[in-house]
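Below is one structure, written out as structure tokens, with a few remarks after it.
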Amino acid sequence: MEKEGLGPYVFAYNLLLGGLCKVRRIKDARKLFDEMVQRNMVPNTITYNTLIDAYCKVGDLEEAFGFKERMKQLNVECSLVTYNCLLNGLCASGRMEDAREMLLEMEGCGFLPCGFLSVVFDGHSNGAGDRGLFDGKEIRIDERTYCILLNGLCRVGRIEKAEEVLNKLVHNGVTPSNISYNILVNAYCQEGDVKKAMLTIEQMEERRMQPTRITFNTLISKFCETGEVDQAETWVKRMIEKDVSPTVETYNSMIHGYGQRGNFVRSFEILEEMEKAGIKPNAISYGSLINCLCKDRKLLDAEIMLADMIGCGVSPNAEIYNMLIEASFSLSKLKDAFRFFNELMQGGIDATLVTYNTMINGLGRNGRVKEAEDLFHEMADKGFNPDAVTYNSLISGYANSLNTQKCIELYDRMKMVGIKPTIGTFHPLICACRRVGMAEVERRFQEMLQMDLIPDRFVYNEMIHGYAEDGNVLKAVSLHQQMLDQGIDSDKVTYNCLILAYLRDGRVSEIKHIVDDMKAKGLVPKTDTYSILVKGHCDLKDFNGAYFWYRETIDVGLLLNARICSLLISGLREEGMLPEAQIVSSELSNRGLNN
């Protein structure tokens with residue numbers, strides 16, 4: 001047997017291959033396979049299936065099909081498992097036409113009944129004979145095969161086709177398991193169509209199929225995600241009525257759902273309900289609540305929850321500390337951020353790339369960019385490779401610190417080490433380059449286009465603002481039109497920039513038209529817009545126009561700052577508009593301010 005390659009040695013190698021593939025050590029598995037061949041052992045179907053499955057799971061279909069071809073050349077018989085692995089790989093990659101060809105081959109090899117593809121998948125009918133498609137067959141369709149097919153169709157958005165295939169299978173005598181229905185429920189929930197998800201569950205029950213924990217949890221999770229916690233509560237009750245016990249996942253969804261809505265009282269109640277039901281909250285339970293508390297700026301409550309978590313014997317992970325660090329920076333509590341970071345590092349918890357990126361971003365936002373760069377070097381020393389987020393955070397920090405040269409150096413270094421800049425790279429970079437001049441900004445803008453990055457509203461607004469500051473109204477208007485042609489709507493910032501451009505160019509007659517267009521788009525001018533209007537007209541010595549916009553500001557219930565009001569008062573007096581100057585001065589005094 002050993003000479004034929006079917007002895008205990010092959011069995012042992014297969015076990016080792018299986019272990020390596022399970023932990024995604026594919027390169028080591030391939031080396032082991034090559035070693036088998038070099039030692040004149042004959043790999044069997046199990047050997048090949050193990051490697052084909054592993055390559056399919058990591059998306060390397062070329063290697064997977066290469067092993068299938070090798071099986072054919074060496075006369076190693078493909079099994080149903082072989083085909084299922086390849087079918088799963090094709091479906092996971094969205095290659096449904098290739099999956100169809102695979103089904104056709106499976107039909108030819110007897111793994112599917114003749115006519116399966118035509119009747120069930122393509123929907124062609126041969127009349128009354130269809131119903132007996134699976135009758136008298138020695139090999140009936142394998143459940144894993146049709147589940148792979150259903151999942152593949154759902155992955156590429158063909159959910160209704162998947163449901164049609166399932167109904168065809170039922171029509172032809174196949175009794176699907178609840179896994180098939182769970183695939184459809186999950187797909188409809190991911191599409192946001194909870195009505196169809198619920199109808200699928202009803203259909204499941206009509207066919208005497210009991211919904212499982214996975215079925216209920218999928219729907220409950222979706223309701224919680226969309227904030228429909230009342231519906232989620234209803235389905236939890238229905239779950240219990242059907243003798244299906246809620247799981248830790250059920251409770252975690254509910255905690256998160258109520259936490260997102262700011263109903264922390266109910267979230268805490270659910271934690272207590274879990275414990276009463278004998279279900280121990282896990283890191284996700286506490287993490288969901290801590291995350292919601294952090295987003296609601298309740299850092300102290302989040303820290304108390306962390307202490308409760310540790311007290312209950314649940315170890316926090318890096319993700320939870322990342323949330324606390326981010327919340328601390330958002331509240332400008334840098335000491336707390338460093339305290340959480342040190343707790344993580346000293347508590348035997350492995351920091352992640354996200355941990356360092358959160359620290360670097362937070363320090364940069366709070367003006368501590370030198371410390372951010374120190375962490376940048378520290379993370380590299382500890383084996384972390386900075387990514388686009390890391391560089392973007394540093395560039396943003398230096399942009400906020402008005403250090404344009406450093407921004408450009410980091411941008412060049414980023415490209416040099418092979419990290420492709422993102423649109424998020426150009427946000428701070430263009431802001432920083434504006435301080436050098438629009439020629440530098442235009443150069444970076446062109447580089448961005450050459451990288452096939454599509455400018456977003458932020459980039460357009462920064463460019464328009466730059467041209468506005470220079471008084472180049474033609475370029476500002478041209479870029480605004482380009483922005484609209486790209487399908488990007490103007491926002492309040494865009495209009496403010498256009499108003500500034502026309503003011504800097506002295507084209508005051510067109511200002512009212514821009515403001516009217518802004519209002520027509522449903523964008524209500526606020527203090528920032530009126531400040532630009534009043535100050536801009538004052539700079540042009542058009543105090544009559546400045547007073548017009550000042551009066552509109554007051555009429556809509558807004559107030560300008562004392563500096564702009566004082567500028568207006570001085571101008572009105574110079575122009576001899578003394579009554580108007582007195583009105584502005586009185587209104588300023590009524591606010592307790594002196595001009």
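We count from 1, first residue shown onward.
Cβ from N, Cα, C; glycine included.
Under 8 Å from some Cβ of the repeat 'PPR' (9-43) lie the Cβ atoms of residues 2, 50-51, 53-55, 57-58, 60, 76, all in the same chain and six or more residues away from its ends. If you look up TrEMBL, you'll see 9-43 (among others) marked as repeat 'PPR'.
According to DSSP, the secondary structure content of the repeat 'PPR' (44-78) in residues is 26 helix, 0 strand, 9 coil. Feature annotation from TrEMBL assigns repeat 'PPR' to 44-78 (among others).
Feature annotation from TrEMBL assigns repeat 'PPR' to 79-113 (among others). Mapped onto DSSP helix, strand and coil, the repeat 'PPR' (79-113) counts 26 helix, 0 strand, 9 coil.
What TrEMBL lists as repeat 'PPR' is 142-176 (among others).
The annotation repeat 'PPR' is assigned in TrEMBL to 177-211 (among others). Panel annotation: around the repeat 'PPR' (177-211), residues 143, 146-147, 150-151, 154, 157, 159, 162-163, 166, 170, 218-219, 221-223, 226, 231, 242, 244 of the same chain, lying at least six beyond its termini, place a Cβ under 8 Å from a Cβ of the stretch.
Below 8 angstroms of C-beta separation, residues 178, 181-182, 185-186, 189, 192, 194, 197-198, 201, 204, 253-254, 256-258, 260-261, 263, 266, 277, 279 of the same chain, each at least six residues beyond the ends of the repeat 'PPR' (212-246), sit close to that stretch. The repeat 'PPR' annotation in TrEMBL covers 212-246 (among others).
Per TrEMBL, repeat 'PPR' is recorded for 282-316 (among others). Residues belonging to the repeat 'PPR' (282-316) score a mean pLDDT of 93 in the model.
Remote same-chain partners of the repeat 'PPR' (317-351), defined as residues 6 or more beyond its termini with a Cβ less than 8 Å from a stretch Cβ, comprise 283, 286-287, 290-291, 294-295, 297, 299, 302-303, 306, 309, 358-359, 361-363, 365-366, 368, 382. Residues or ranges marked as repeat 'PPR' by TrEMBL: 317-351 (among others).
Counting only same-chain residues 6+ beyond the ends of the repeat 'PPR' (352-386), those with a CB under 8 A from a CB of the stretch are 318-319, 321-322, 325-326, 328-330, 332, 334, 337, 341, 344, 393-394, 396-398, 400-401, 403, 419. As annotated by TrEMBL, repeat 'PPR' applies to 352-386 (among others).
The repeat 'PPR' annotation in TrEMBL covers 387-421 (among others).
If you look up TrEMBL, you'll see 456-490 (among others) marked as repeat 'PPR'.
Positions annotated as repeat 'PPR' by TrEMBL: 491-525 (among others). Panel annotation: around the repeat 'PPR' (491-525), residues 457, 460-461, 464-465, 467-473, 476-477, 480, 483, 532-533, 536-537, 539-540, 542, 545, 556 of the same chain, lying at least six beyond its termini, place a Cβ under 8 Å from a Cβ of the stretch.
Long-range contacts of the repeat 'PPR' (456-490) within the same chain, counting only residues at least 6 positions beyond its ends with a Cβ under 8 Å from a Cβ of the stretch, are 423, 426-427, 430-431, 434, 438, 441, 445, 448, 497-498, 500-502, 504-505, 507, 518, 521, 523.
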